[in-house]
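Some notes on the structure that comes next.
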Amino acid sequence: MNHHPPSHVGRALTVVLAWLPFIVITLLVVGDWPPLRRWDLSVADRIAAYGASRPGWVDFWQVIGAVVLPWTCRGLIVAVAIYLWHRRARLLTIWLLVTAGAELGLDQAIRHIFDRARPAQMLVENESWSYVSGHASAAFVMAGALGVVLPSVRGWRRRFRLLVSLPALAAVLMASNGRIMLNVHYVSDVLGGWALGLAILTTTSICFGLRPGLRRLRRRTVEPAEEGAVPPRAAVIVNPIKVGDGVAFRRKVGRALEVRGYDEPLWLETREDDAGNAMAKRAIEFEPDLVLVAGGDGTVRVVCAALAYTGIPVGVIPAGTGNLLARNLQIPLDFDDALERILDGRDRRIDLVSVHGDGLDTDRFAVMAGLGLDAAIISDAPPHLKAQIGWTAYLVSAAKNINHPSVKVRVALDDAEPLERRVRTVVVGNVGMLQANIPLLPDARPDDGLIDVVVIAPRRVTQWPLLFWRVMTRTKGTDMYLERFTGRKVEITAAVDVQRQLDGDGIGPGRSLSAEVEPGALVVRVPKRR
């Protein structure tokens, strides 16, 4: 195969290493390690002696502590999240809120678990527990969160980002140092707070697929074309509802193509009655060197299906709710970063899957098709909610459909004997990852010439948490509740009409769904290997 996704072992190892400093510091504190204990007491004694006769010193650090309160830091994170929400940066918004909530919850839990007494000679009254320092952990998380978010916000000049980052870093140092100078925390309490903040930031960033310092579009000088050379051409198919500011979108994409020597692109917008089929056909007639598609999963699917076997590379710019194909091709979800990585990327040939069923014309998908609960969740997710909160709208729909009834199905894979099961859902995948990096089909690869099938059949609602754990941990074993199969074609027949979906779009109820892989049918533009 030409491409492998990032190692999940590597991500897990990164999380473990990020938690290691906090674990070590905590063990040393709980174990009352003599060198650390002597250091803590020595610093506390010197601070107490120095500050006892200097009320101005105490007042200064009290003011610092009042300005950089933990709740001030958390409130700033929420304020930035609200700002990003209005800029339609849904993933970053949710990540910020989850990170702030994790810091608050773990800070309080750790204090109650270890209930470490504060230094005996505090310069100001403080009745809560000492380990860890909430000022240190909250300020560290605030500064770290800004370090991830600021480079990804379009329209913020580098100088402005620097003006925000430097005070955030100063806040970490001043807030943490102030707790020591007031003798309300030991040095180890502050170090533990920093280590906790680092662990939380790393864990949530990896879970959400974020990385700090998202690259920006670079200013380039166009290389002079050889005499007589024909500049490359691009067609851009866009769902105007998904991209928001269409003028800004055209300006950014047009500039990015121009600096790379492309001719004036062909701009094509989808319509309410056509998700992209006619636009893709028009693009093919244009004979471009690259087709860029920006829209939801439905638009991406329709365009990819139409461009099958043409050899024209397709570059997916994530702009929808799920962005499943982009996620599985390791295309960044940030607009600027995705555009740069696609235009400077490489071509990769992947499979498509042809599909048909009762009441359904023959079609193709690139990601997944499903029958049962997953399709019901997709079909019931309110469109206005998806527009507001992105893929998390599916969580609301999942809660509503948690008691979705099981259905008897017949699954025929290749030429094997058909299987009969009573299931909640059956999913057929060309790729394996869902939103939030959930590995539903961990062995699925888009270029292996195979399709992967998962049959999920919990008997009771209480079995869902265990099944979710098995999916997340990539447990290989199968049983009556979760089975996985691999083949080239599959026919699924249900005893009654059930909801069905293709690549995250509901296609209406029916009793049958048949799928067959089309190896190497599509050329996609993906980021270069690093």
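Cβ coordinates are placed from backbone N, Cα and C, and glycine is handled just like the others.
Caution: TrEMBL annotation is automatic and unverified by curators.
Feature annotation from TrEMBL assigns transmembrane segment to 12-31 (among others).
According to TrEMBL, the feature transmembrane segment maps to 60-85 (among others). Only residues 6 or more beyond the boundaries of the transmembrane segment (60-85), in the same chain, are considered here, and those with a CB under 8 A from a CB of the stretch are 92-93, 96-97, 99-100, 103-104, 107, 124, 134-135, 137-139, 141-142, 145-146, 149, 153, 171, 174-175, 178-179, 181-182.
TrEMBL lists 92-110 (among others) with the feature transmembrane segment. Non-local neighbours of the transmembrane segment (92-110) in the same chain are 26, 70, 74, 77-78, 80-82, 84-85, 131-132, 134, 137-138, 141, 145, 148-149, 152, 193, 196-197, 200-201, 203-205, 208, 210, 389-390, 392; each lies 6+ residues outside the stretch with a CB under 8 Å from one of its CB atoms.
Per TrEMBL, transmembrane segment is recorded for 130-150 (among others).
As annotated by TrEMBL, transmembrane segment applies to 162-180 (among others).
According to TrEMBL, the feature transmembrane segment maps to 192-210 (among others).
The domain 'DAGKc' annotation in TrEMBL covers 229-359.
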Note = Spatial neighbours of the transmembrane segment (192-210) not adjacent in sequence (6+ beyond its ends, CB under 8 Å) are 11, 14-15, 18-19, 21-22, 25-26, 29, 91-92, 94-95, 98-99, 102-103, 106-107, 110, 131-141, 144-145, 148, 172, 176, 327, 333, 436-437
Remark   = Taking DSSP helix as H, G and I and strand as E and B, the domain 'DAGKc' (229-359) has 51 helix, 34 strand, 46 coil
